[in-house]
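Right, one structure below, let's go through it.
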2 protein chains.
Amino acid sequence: MSQPATTLAAGGAGSSVGVVETRYLDLPEPVRLDCGRELHPVRVAYETYGALSPRRDNVILVCHALSGDAHAAGLAKAPPEESARDGFGAEGHGKGLGWWDGMIGPGKAFDTDRFFVVSTNLLGGCRGTTGPSSPDPATGRPYGPDFPVITVADMVRTQRAFLDALGVERLAAVAGGSLGGMQALEWAVRYPGQVDAVVVIASTHALHPQGVAWNAIARESILRDPAWQGGRYYGTGRAPDAGMGIGRMVGHITYLSAPALEAKFGRRLQSSGDLRYTITEPEFEVESYLRHQADSFVRRFDANTYLYTSRALTYFDLAREHGGGSLARALGGVEARTLLIAFSSDWLYPPSASREIEQALRGLGKPVELQVIEAPYGHDCFLLEEARQTPVIRRFLERGSS
Amino acid sequence: MSQPATTLAAGGAGSSVGVVETRYLDLPEPVRLDCGRELHPVRVAYETYGALSPRRDNVILVCHALSGDAHAAGLAKAPPEESARDGFGAEGHGKGLGWWDGMIGPGKAFDTDRFFVVSTNLLGGCRGTTGPSSPDPATGRPYGPDFPVITVADMVRTQRAFLDALGVERLAAVAGGSLGGMQALEWAVRYPGQVDAVVVIASTHALHPQGVAWNAIARESILRDPAWQGGRYYGTGRAPDAGMGIGRMVGHITYLSAPALEAKFGRRLQSSGDLRYTITEPEFEVESYLRHQADSFVRRFDANTYLYTSRALTYFDLAREHGGGSLARALGGVEARTLLIAFSSDWLYPPSASREIEQALRGLGKPVELQVIEAPYGHDCFLLEEARQTPVIRRFLERGSS
């Protein structure tokens with residue numbers, strides 16, 4: 001299972017896990033879903049970094065966010081056209097580099113000299129794991145809108161089944177940011193005896209109503225694009241790129257903070273001179289940035305996966321799912337140590353949500369640590385503030401092994 | 001010019017200006033625009049409330065925001081299908097009531113027992129004033145994308161020309177919220193000798209980059225709707241309702257605060273029971289609210305007007321237009337007394353922008369008053385917090401006459 005750690009000359013703090021190839025595993029059994037349906041077959045795209053210990057007790061599962069994939073670290077053997085690394089952090093980032101490369105590798109936060117790090121593409125994805133663009137065995141055509149509506153719990157069930165197939169019973173840790181953090185929390189609640197620690201970054205136990213609204217708007221913009229065609233756009237030569245682009249623009253602004261936009265773009269115009277008096281063309285730099293982000297995203301992402309994943313993350317609600325409305329009750333069975341990291345300027349997954357989790361766990365007498373990092377980049381901090389997260393995470397993981 | 005003040009039984013604090021009919025005036029001369037073009041003919045839709053004094057010195061011009069119209073107060077003689085009153089405030093608000101009815105009338109903030117209040121639909125509008133849906137004299141068909149790109153200054157020039165035609169030289173005050181506040185500021189800078197006071201509510205001297213981005217996303221969602229047809233959708237039986245609906249949803253969330261959404265909707269589901277596992281239907285109450293707001297808006301508003309108005313308000317930049325980049329220089333010639341009102345929870349037009357204007361004016365030794373009202377409803381406060389604005393505005397306007 002281990003991956004050769006070819007150190008790259010270009011490696012920054014810590015070194016690189018080297019060149020990595022995404023692999024695929026077909027689950028032997030159907031996955032039972034919250035909605036009542038079963039999904040079969042399910043293929044899982046994954047990568048691993050580091051070496052599995054003989055006792056199989058050094059496994060860290062890394063969970064990605066809405067637009068990520070299994071390629072979390074190292075250099076892809078076959079670099080994609082567009083990086084899965086988004087936003088500010090994408091600039092100057094090699095296209096083949098994993099989305100969390102700064103965090104995973106020898107000497108990094110998730111230290112592959114010690115841990116065997118496993119990263120999977122989530123259920124419903126479009127980067128190798130079964131999702132709405134996968135063939136429906138009933139028809140031989142892509143599922144499209146016939147794909148079952150999935151939840152974060154379903155993603156976690158799929159990861160559990162995948163690790164079973166890999167022969168991994170316990171996890172030293174589950175870690176993720178944003179939607180990835182939701183998966184980590186779900187792991188801690190759903191499989192309490194099988195997770196030693198969870199690292200939940202810029203995430204929440206339940207998205208607040210404004211976040212629900214932003215996600216609804218992004219989905220609506222896809223649904224209202226005539227090219228969506230009721231979700232059966234595969235093979236038609238048309239895809240709801242226009243609508244998904246709008247959704248992505250909304251996402252981008254919610255991932256950033258107002259001060260970050262001010263610092264990066266201000267009100268600078270595209271043309272060095274004066275106004276061009278145009279309705280259809282970008283006039284301000286920030287307008288041009290949004291178009292660019294939308295255009296590059298639609299080249300690499302499937303609109304139905306966006307819909308299903310966005311729906312799953314708005315559904316996620318630990319208190320409702322596991323506690324009859326009470327977060328404390330939902331967390332009552334957690335056995336893992338919990339590290340929560342939040343960012344002061346993140347208004348989509350605000351520190352207050354992490355604080356609620358911290359207080360609930362503390363009230364239950366469970367080991368929990370909350371670090372709120374003062375940083376200006378909003379939700380995107382979880383991908384950008386690697387240097388400041390690294391010592392916090394390393395210390396937390398080291399304490400577990402002492 | 002005065003309007004019979006038929007007191008309505010339904011009047012709240014203060015009483016109603018009664019039943020009002022929108023009137024129209026064709027400007028005698030072309031309007032010269034910032035983009036270099038001239039516009040002719042220009043028709044202005046307007047309403048007036050109260051009586052013009054013999055000395056014509058009691059005129060208050062009220063300027064509306066992006067989605068408003070000339071019907072600011074009283075009960076419309078012909079009530080429209082959809083109220084121009086938006087958001088939270090729309091509920092329980094009669095369809096024929098003016099969008100600022102709580103503020104304009106006998107005994108109200110803009111007291112029609114004393115002032116002659118004039119309200120016009122802005123240039124580029126779709127509610128009676130010449131805009132992109134008006135016939136282009138060159139072709140006889142609606143302008144569509146051939147309508148010139150307009151600015152806030154162009155809106156104010158049009159109001160100036162309209163008041164000339166009415167025989168009104170000086171204004172006792174110009175007042176408006178949001179884009180309406182921009183117009184009030186532009187009046188103070190552009191026609192310093194002709195305005196005694198300006199009331200600038202929940203507005204700014206230049207929209208911050210995040211606001212520029214939200215507006216860009218709203219416009220993009222219209223531009224990317226195939227039904228927009230390059231702006232020439234009139235008479236085709238199709239209009240970019242889907243795209244404008246998305247834009248309106250974005251607008252709505254930016255007009256509200258996260259805590260207001262939390263208080264009003266929380267994470268309550270549409271169906272009383274559990275999740276319905278649907279991608280296409282609203283599942284949370286806030287999702288349903290957004291659809292409703294979008295649907296009712298597109299029934300009453302023209303997408304091209306949205307595009308042009310949104311462009312104008314993102315262009316607005318007092319320092320760039322009038323001060324070579326310096327706000328103080330731009331405000332150097334202001335003679336009017338200035339009242340600024342901002343709302344603590346307004347993140348689209350935050351109090352900080354009003355504070356910048358206040359400090360610039362104060363530094364110039366000009367009379368200015370800033371009131372930041374603690375209120376939870378975000379930008380929408382300017383339409384909702386009428387009771388708390390009223391004494392502030394009344395006191396400010398009274399001081400002017402002493």
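Numbers here mean position along the shown chain, with the first residue as 1.
Keep in mind that glycine also has a Cβ here, set from the backbone N, Cα and C atoms.
Copied from TrEMBL, the annotated features are:
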- B:60-384: domain 'AB hydrolase-1' (DOMAIN)
- B:SER178: active site, nucleophile (ACT_SITE)
- B:ARG248, B:ASP380: substrate binding site (BINDING)
- B:ASP346: active site (ACT_SITE)
- B:HIS379: active site (ACT_SITE)
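TrEMBL feature annotations superimposed on the structure.
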residue  : record                   : DSSP class
B:SER178 : active site, nucleophile : coil
B:ARG248 : substrate binding site   : helix
B:ASP346 : active site              : coil
B:HIS379 : active site              : helix
Next item on the list: Compare the C-alpha of B:ASP346 (active site) with the C-alpha of each of the recorded positions B:SER178, B:ARG248, B:HIS379, B:ASP380, and give the closest one.
Entry: B:HIS379
Check: Including all protein chains displayed, how many Cβ atoms other than that of B:ARG248 (substrate binding site) lie within 10 Å of its Cβ?
Finding: 26
Next item on the list: Calculate the distance in Å between the alpha carbons (Cα) of B:ASP380 (substrate binding site) and B:SER178 (active site, nucleophile), and round it to a whole number.
Entry: 10
Notebook entry, point to check: For B:ARG248 (substrate binding site) and B:HIS379 (active site), what Cα-Cα distance in Å is obtained after rounding to a whole number?
Noted result: 14
Check: If you count Cβ atoms within 10 Å of the Cβ of B:SER178 (active site, nucleophile), leaving out that atom itself, what do you get?
Finding: 27
Check: Once the chains shown are all counted, how many other Cβ atoms turn up within 10 Å of the Cβ of B:ASP346 (active site)?
Finding: 29
Checklist line | Around the Cβ of B:HIS379 (active site), the count of other Cβ atoms that are within 10 Å | finding: 27
Item checked: Nearest-integer angstrom distance between the alpha carbons (Cα) of the residue listed as 'active site, nucleophile' and B:HIS379 (active site) -> 8
Item checked: Neighbour count (Cβ, 10 Å) for B:ASP380 (substrate binding site) -> 27
